[in-house]
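Colleague: Just passing along the structure, written as C-alpha cells.
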Amino acid sequence: MKIISRSIRTGALAPPTTAHAHANANASGLRKSSQRRNRAPLQMNCPILIVISLGWLLHAHAGSGGFAVEAAISNRGSNSRSMSNVQQSAVAPSTLTATLPRFLSRGHTYRAVVGDTLVLPCQVENLGNFVLLWRRGTNVLTASNIMVTRDERVRLIDGYNLEISDLEPQDAGDYVCQISDKINRDQVHTVEILVPPSVRAIPTSGQLQARKGGPITLECKGSGNPVPSIYWTKKSGANKSTARIGDGPILTLEKLERQQAGVYQCTADNGVGDPVTVDMRLDVLYPPDIQVEKSWIHSGEGFEAKLVCIVFADPVATVSWYQNSFPIQSTDRRIMATRANRHMLTIRHIQQEDFGNYSCVADNSLGRSRKYMELSGRPGAAEFYSPKWGRSPDSYNLTWKIDSYPPLEEVRLLYRRVQMNETYQQPGRWHDFILTPEHRPASEPLTHIMSYTIKNLHPGGYYEAIVQAKNRYGWNEVSDIFQFVVATNSQDIGPEDAEVVASSKSRSNSASIGSLPGSTVLHTALLLALALSNCQFDRRRLGLG
C-alpha cells in the first residue's frame, strides 16, 4: 500500500508485478496463436488491450482524486478553526443590539375595493417598554392597545395589525406604524381605494332633439378610481348595441340625417367591477319624407286595389289622400287605415271612375310632402323569363308574362341587333311584330304568359327586345329592354382545322415526354443497368448462364 500511494502522489502509475507478468504471458500466447490462425482473431483482441489501458488510467485518476480529498479535508479543518475565532469575536456586539426593537413586517402599497375590509400589518420584535403608534397624517389612530380614533370601522387585531372595514374612498392615503423610541422609527403603508365606475348623462334627462342637417353633441360624465374609459354605441332595432362609434365623454354628430335618430349608449369601464351604461335618446326633427310601395297599381272593374304610402316624419305627420287633386272621404268602398308609418287606402269593387291619379300628402310643423300613384286598368308591364344565352344558332325563343284583368287585345314585339366591339356599340333598326293573343275567359287568372320564336338571326349575334300590350283600357308602358345572345354555329371549325388541332395536341403530348429532365433519364438508365448486371450474376451463380 505504501508503494502504491507513493506512486499515486508522484504521478508514476506502474502496474503491480503480477499483473505485468500476466500481461507478458498473454502477449506470448497471442504470438503463438497468430502462427496458427489468420489475422482477424488478432484484431479482435485489440479492444481487450484498450480496456486494460483504460482501467489503469481510471485507477490513476481515482488516486489523484483521493489526494485532493485529503487536502480539502485538511484545509476545511483549518477554516473551521478560523471561523470559530471570528464567531467568538462577534458575540459581544450582537448581544448589545438584540435588545433594540425592530420591524418584522415591511411597508407595502395596498389596493382595495370600496366596501371591502383591509388589514395593515405591523409586527415588531423586542418592543419592550416602548409604545407603538398608528397614525394617519397628524391624526393618531391607536397608542399601544388604546383606540384613539372614534371611527368604529378601525380596530387592532392579532397584536398591532390595523383593520379597516367597509372601506370608503376617503380612506385612501398613508398609514404609519411608529415606534416611540429616540429614533421614532416607522413603517408606512399606502392605501389606494378602487372605486367601480359610475356614469351619468348630460343633461340628466337623457333626451336630445336636433333638426335634420344640423350638428348635435352628446355628453356623459364618468367617475371612479382608476378614472374609467368611456365609449359610445348606438342601439339597433333589437335593442342591442352595435359596434363602437366613438370614444371619450363627448360624441359629436355632423349634418344629421333622420336615420341617425335613436338611442345612444354611453359606457364607462375601469376594470373594477362590471362596466356601467347610460342611455340617451336623440330625436331628429325633419319634415315628412314619403315613400310609395308602388307608383303604378293595376286592377280591374269589380276587383280590389290597395295604395300604400310609407311616411317618415318627426314630429309625427298627418296624412291625407287625394284623387285627381280632390280630397278623398272614407266610405264603405274607400277605407283608410294606418299601421305605424304605413298609410293605406283600400278601394273595393272598383268602378270605372275609380281609375286615375292618386296622391298622399303628409304635413307636420316643419313642412309638407306629396307622392303620386296611378290606379289603372291598363295591362302591367311585361316581364321576361327567357335565359340570356340562346341554344339555336339562327333563332331564339322569347318568353314573357303580362298582368291584365281584362283580356289582352294586342301585343307588340320589337327586336334589333346590336353591333358591338371593345370601343363602341351600334344598334340596328327595330323589327316590329304584332301578335294576337289567344282568347282567355275572364274567370282565368290575370297573368298572361306568351312566347314567340324569332328566326333568321345571326349566329353569336347580340340582340335587344321590348314588348307592349293593349287591353280595353289602352296600351301599357313599354317593358324594360331585354338583351339576349344567339348561340354560335357548331360547324364553325372545318374538318381540316379539326385535324390540325388534333395533331397539335398529339405533338404536345409527345413533347411532354421528351421534356423530362436529363438527370431523371440518366438515373433511370443506371437503375436498368444495375438490374441487368444483378440478373447476370445470379444466373452465373446458379449455373444458368
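Cβ atoms here come from the backbone N, Cα and C positions, even for glycine.
TrEMBL annotations: computationally assigned, not manually curated.
Here the structure is a predicted model, which means the values were calculated and not measured.
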Colleague: Do you know which of 1-37, 371-407, 408-444 TrEMBL annotates as region 'Disordered'?
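Modeller: Within the set 1-37, 371-407, 408-444, TrEMBL attaches region 'Disordered' to 1-37.
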Colleague: Over the span of the domain 'Ig-like' (197-279), how high is the average pLDDT in this prediction?
Modeller: 91
Colleague: Tally of helix, strand and coil residues over the domain 'Ig-like' (101-194) according to DSSP?
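Modeller: The breakdown for the domain 'Ig-like' (101-194) reads 3 helix, 48 strand, 43 coil.
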